[in-house]
Amino acid sequence: MKKQYLALIILGGFLLATGFINRNDYYFNVLNILILNGLVVIGLSLLMGYAGQVSLGHAAFYGLGAYTSGILTAKYGLSPLAALLAAQGVTLIAALLIGIPALRLKGHYLAMATLGFGIIVYVVFKELISLTGGPSGLVGIPPLQVAGFTFLESKQYYFLFVGVLLVSLLLALHLAHSPFGRALLALHDSEAATMALGYDTGRLKLIVFLLSAALAGLAGSLYAHFAMFISPMSFTFIHSVKFVTMVVVGGVASLWGALLGAVVLSLLPEVLTVFEDYDVLIFGTILVVIMIFLPEGLFKGLGNLFLKHKKT
Amino acid sequence: MEEILQYLFSGLTSGAIYALIALGFTIIYNATEVINFAQGEFVMLGAMLTATFCGLNLPLPLAFALAILITALAGILIERLAIYPARKASPITLIIITIGLSILIKGLAMFIWGKDPLPVPAFVGERPISVLGATIVPQSILVLATALIAVLTLEAFFKKTLTGKAMRACAANRLAARLLGIKVEPLVLLAFALSAAISALAGVIISPITFATYDMGTMLGLKGFSAAVLGGLTSSTGAVLGGFILGILEALAAGFLSSAYKDAAAFIILILMLFVKPEGLFGTKEAKKL
Amino acid sequence: MKKWFLILSVGLFLLASASVWAGEPYRIGGLFSITGPTSFIGEPERNTLVMLVDEINKAGGINGHPIEVIIYDTEGEETNAVKKITKLIVHDKVLAVIGPSRTGTTLAVIPFVERYKVPLISCAAGIKIVEPVKPWVFKTAQSDRLAVKKIYSYCQKHGFKKIAIITVSNGFGQSGREQLKALAPQYGIEIVADELFGPKDVDMTAQLTKIRAKNPDAVVCWGTNPGPAIVAKNMKQLGMKQQLFMSHGVASKKFIALAGEAAEGIILPAGKILVADQLPDDDPQKKLLLDYIAKYKARYGEEPSAFGGHAYDAMLLLKHALAKAGADRAKIRQALENARGIVGIHGIFNMSPKDHNGLDEKTAFVLVRIENGDWKLIK
């Protein structure tokens, strides 16, 4: 765990230094989106890597957070902080509704159920026009305001997001390395064995699922205030798949790996714009190649390569 | 009454397409435990190639055969280049590989065929046929007939031929199949070719109705996947019924509830079905592995 | 980075070595959905802008200043559009931005152009972009309201009172649906059925069966390819004889190719570009239209679509503003707002502090009927 703290401090230092050095709002915006992806991915990594469950509907939780925050502030004039808390409530209730029945089943039924859930939520975003603004989106979301301070610039959001990310990561690391986390890992390997050790596996899985949904909802709320405009296009099935892809490309087995995946897959499209219209082809190829040659993800794969190199 | 019949016709047409795609999913899933997210792209390739060959004024049967053959080759290529090298990886890694492939194929199609939908002429006449007050176009009947023939042929292949039986054995228990002297690798390759071909067939027969667009595969793949899940993911009969059920549910939801919420309605029922009968309509209960 | 910028810069460099530029280049940005589901909108816009800028530079630039254009792809997605708009404004320091292509992406970038105070000329149609008026935001695409007015006037003249609408469930369809519902009472029209279809749906007979049961006088379908072509075919299948109206979203030859026989007799509002050769010779837009069509065909080997025209008009307005204002964002905004009588592809623009679109239904749309696989201007 000490090593983890050290890594966390290094990451925090690096992010803060970046924030102070950088003067370009474009980079801040790219990093802001990256950090929000990172938040979702931390939760998803706990769910996938530790509880061995896949969710194909996390964009829906992200969207529920964003839309609840957006609607309550833009249409009902609630303060952003109160709306954010309400959004957490909505996300958790939705996660409970889908998680309780789905997690009782064996196999990958959570993946199937969340897939369907994601599509239903997307349809609701699109069709509940009087509330959500429909396919053309929800306008008029105010910027975030906390204790009288209004976040206006990308740089201010950046420091806020970094803070939220570090705290979430700290909590997630704690969880992963606690007896609870070890129970989860055991769950990943053998559900029956974990049950035999006296754990209520159903509850373990449900707690992690709720946690990951809450993190996605939180990221969504923050996104709504940062972008001040949301539309259903940002919360599609494709986005859910993108989150899962980030976790797997980085490495299912660790939180750091998942974060690395978020970094790589968020930055790659920005870098690839150099290739103009060909960027999709290159993106697809890179994804396939990484997975063929580093099937356990970038984090572990690169680590192994590094170790090998050191030995020779 | 006419209306219900009309909704049924509409649902059967979409359902037949979903059924064929769902079959493609189950074939690959049975062989490799991989959910192939590039399945929809096979459908797109089938449709696009049909549009191209029809544009070249090739005789229709030749155009169809070529479209299906080339897509099957693409399936083989994909297995050799991307799935086989990673065969030892976990299913989720393989699934992400298929996602990457899907992005890649879609991108290539965009470059080859452009971004606009391509027209495909109707294979049979366009004069609608009236049945008990409801109408159906000949192309829809063709879609239904083709889907049924394809399903029956596949069923016969799996039940009657040695290769088909070997594939089923492999799906049931790969290790045991190996011990019995069944070579697994060529069967996996065959599964990809077969799966690609049947999805391409779906693309071919649907192209005059929906036209051919480079990004048509994603949505169709998603619907096909849902149908496959509904059917239990391992059973081909289940996949076919799953496809028809999904198609008919959508049409009925659009007709009787609200066309705005038809997709949601179909998926709510899908989820409820999963909760009530988790192994799918025709899935077999998984043996517990310790 | 979409290196059109690079290509253009190299071109500029060659040009510059031949003729000496009097001034610093004016750097502008373009933001289009070049890939993704709405790429059919973004691509012709990108092509048109690149072509037009080349043309302006060859003709000596604006007051001796060459134009340098940097174009990024939004993939039609909001999050991406937000990143790219800041890149254009902060990183590339452009004077003004043309685009984005979609209403959604435009609404997404508006908070940012307002924050950084950069003029934006959107190529999207949604009325929310300019209503209420935002100081820094303009648009060239005709609002859907004008298209609906054209259709309803025709309905009124021909005694169609009961109308069924079937719209696609995306931003374009939603905007049309809202206007169709809002304007109906003014024309004494009753909407008897209001159905939707998904952009990738394969069969619309269920919705049309419902519509048929209501026995409307006419059907209005609002969407972009390929959905409306399926609607047209399905209507024929169901033996529905009502007059079918489409939106300007399908105003391209591709629609006729897709719908085939079923396209015959359909009436739709369209930009004049569709029937440029059928316009009377005294139409002030005719020469520009024919010129644009010829040049686009020569360069890209295909007919330009209506979407390209939106980018054309945006560049035309920006050229006018740059010539007046020079390299000053606030002055450019002012000049855009005061632009009057600008003859463009999709109408004659008369901007004002109250109207940041500046089009009226007289010049923005004509009604056309599809006859023998071609457009026929309804006079």
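Including glycine, each Cβ sits where the backbone N, Cα and C put it.
Residues or ranges marked as transmembrane segment by TrEMBL: A:5-21, A:27-47, A:82-100, A:107-125, A:131-152, A:157-176, A:206-231, A:243-268, A:280-299.
Ranked by Cβ pairs under 8 Å to the transmembrane segment (A:131-152), the stretches A:5-21, A:27-47, A:82-100, A:107-125, A:206-231 are led by A:206-231.
Contact check: the transmembrane segment (A:5-21) against the transmembrane segment (A:82-100) gives fewer than three Cβ pairs closer than 8 Å, residues 6 or more apart, which falls short of the contact criterion. Highest Cβ contact count with the transmembrane segment (A:27-47) among the listed stretches A:82-100, A:107-125, A:157-176, A:243-268 falls to A:243-268 (criterion: pairs under 8 Å). Below 8 A, the CB atoms of the transmembrane segment (A:107-125) and the transmembrane segment (A:82-100) form 3+ pairs separated by six or more positions in the chain. With a cut-off of 8 Å between Cβ atoms, the residues of this chain six or more beyond the transmembrane segment (A:82-100) that come close are 57, 60-61, 64-66, 68-69, 72-73, 110, 113-114, 117, 121, 205-206, 209-210, 213-214, 216-218, 220-222.
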